[in-house]
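The structure appears below as structure tokens.
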């Protein structure tokens, strides 16, 4: 007896029609990790633009009225309201990460200025930075934060290496050592130290215990 098997037949017409009706989606990694949010809008967007000036063009002009003290349009003004002390501050660390909530009202800079970057917190704590040399934050030498020793600058510090302040060694101007330098404060050949007298902090306290009698007698005999 012969058994015959029949292979099932699939109608591919329905599958093709469903595939054509379904929109094609590009599921690459760029769309997943960096989705396009330019078309998204929320009901609180007008509030953020009015109160915190979010979403405004960062390159818009500076308001000339606010620069002179007052702007009649207030928060409705489309131009920048820059604080007077704006240029004397460092770059806003929250703005660098896109998290600053103050907008134009922030007292720190909202621009990439490498000379005014905030200090690298990791470097200040550990003495090195894992992002170096690509780190954008300032790497400040810890020794530069220590105030110089005024006694050492005058010529002598009795604390020596145990002094908590910094002892900066400077090369003395050779002309100044001879007695006079015609360049004065404009001289770049070395330091011009000025001795202003011995202060109380520079004095070394002597042991005031009385000299034993036998030692004093011996000293008097030697003196004779």
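Residue numbering: from 1, along the chain as shown.
Positions of Cβ are set from backbone N, Cα and C atoms, glycine also.
Features of the protein shown, as given by TrEMBL:
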- 57-84: domain 'C3H1-type' (DOMAIN)
- 57-84: zinc finger (ZN_FING)
- 86-113: domain 'C3H1-type' (DOMAIN)
- 86-113: zinc finger (ZN_FING)
- 114-142: domain 'C3H1-type' (DOMAIN)
- 114-142: zinc finger (ZN_FING)
- 143-170: domain 'C3H1-type' (DOMAIN)
- 143-170: zinc finger (ZN_FING)
- 172-195: domain 'C3H1-type' (DOMAIN)
- 172-195: zinc finger (ZN_FING)
Local confidence of the prediction over the domain 'C3H1-type' (86-113), expressed as mean pLDDT: 75
Secondary structure content, the domain 'C3H1-type' (114-142) (per DSSP, counts of residues): 10 helix, 2 strand, 17 coil
